[in-house]
Amino acid sequence: MKLNGVFTALATPFRDDLSLDERALASFVDWQISSGISGIVPCGTTGESATLNFEEYCTVVRLCIETARGRILVIAGAGSHCTTETISRALFVQSAGADAALIVVPYYNRPSDEGVYQHFRAVHDATNIPIVLYNVPQRTAIDISNDTIRRIAELPRVVGIKDCTGAERVAALKAILPEKVAILSGEDETALASYMNGGSGCISVVSNVAPKMAVELYRLHALGKINMAKQVSGNLAALSRVLFIEPSPSPTKYALSLMGKMRPKVRLPLVELTSSGQTAVKNVLETLDLLRQQKAMHSQL
């Protein structure tokens, strides 16, 4: 498996009573597919996986796989700070038919680099599914070394890394990782720089709201149209900044509510966007013409 392109870190729709909105989720996945993305990543940070019980987690993963129907890749979040729990989740996504499992570096425990390696090796050896390593020190309080990333990447079924430490690291990782391992940016603001340094794609939050724009950035870079890509990257960066103006995914869900994709509901301890945050998000969506485009699309249906 070679991972290339834009993969949406999928938001999870909730109803007003905060139960899963399965109909909205299926519709959202279909819209993502029609917008040209390469894959979806359900049950990650943006999907509020920390607030889903195991039954809900299984429902979201199954529904994404069933809706995708092989048209795009499904890389299901399966990480935890507990190795046995991570193995259980990885075995589930394997049995459900996911294309790969996204495994985050264990958080809260703050293990050593050797502990992180042994965690990934245990998950790898207990399963038979391709694995994408997720390095996000902003949330785990651990930034594992390049050498440890290399050791993990040498495990046979590790096929990618989602790295959120900046585009500067991509070239260094590219030089030491096996060819089979894709380097995926975890930051929309630096996605273009990551591509230019040898990155294979992006696991994107912004593509929840502007999937066509995120795909266009990837396409323009692939075609060598760097000046045009820089213009698109500037727009995506502005959108990315406002989608993190308050704790994510509250701004993303509010943006999607304006676009008619899902309610703005989030589960505690997250709260819905403040009025000032709502104004900021709406202003950026209007500046980028995303609301008008969405209304025009609905009028054609």
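The backbone N, Cα and C atoms fix where each Cβ goes, glycine too.
Feature annotations, courtesy of Swiss-Prot:
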SITE      Thr45  site 'Part of a proton relay during catalysis'
BINDING   Thr46, Ile203  pyruvate binding site
SITE      Tyr108  site 'Part of a proton relay during catalysis'
ACT_SITE  Tyr134  active site, proton donor/acceptor
ACT_SITE  Lys162  active site, schiff-base intermediate with substrate
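Features per Swiss-Prot, on structure.
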residue : record                                               : DSSP (3 states)
Thr45   : site 'Part of a proton relay during catalysis'       : coil
Tyr108  : site 'Part of a proton relay during catalysis'       : coil
Tyr134  : active site, proton donor/acceptor                   : strand
Lys162  : active site, schiff-base intermediate with substrate : strand
Ile203  : pyruvate binding site                                : strand
* Structure fact -> Between the C-alpha atoms of Lys162 (active site, schiff-base intermediate with substrate) and Tyr134 (active site, proton donor/acceptor), the distance in angstrom, to the nearest integer, is 5
* What is the separation, in Å, between the Cα atoms of Tyr134 (active site, proton donor/acceptor) and Ile203 (pyruvate binding site)? -> 10
* Structure fact -> Counting other C-beta atoms within 10 angstroms, the emptiest spot among the recorded positions Tyr108, Tyr134 is Tyr108
* Structure fact -> If you measure between the CA atoms of Ile203 (pyruvate binding site) and Tyr108 (site 'Part of a proton relay during catalysis') and round to the nearest Å, you get 23
* **Spatial separation of Tyr108 (site 'Part of a proton relay during catalysis') from Thr45 (site 'Part of a proton relay during catalysis') - C-alpha basis, Å** => 15
* **Lowest local Cβ density among Thr45, Lys162, which the record lists as recorded positions, within 10 Å** => Thr45
* How big is the Cα-to-Cα gap, in Å, between Thr46 (pyruvate binding site) and Tyr108 (site 'Part of a proton relay during catalysis')? -> 18
* Packing count at Thr46 (pyruvate binding site) (other Cβ atoms within 10 Å of its Cβ) -> 23
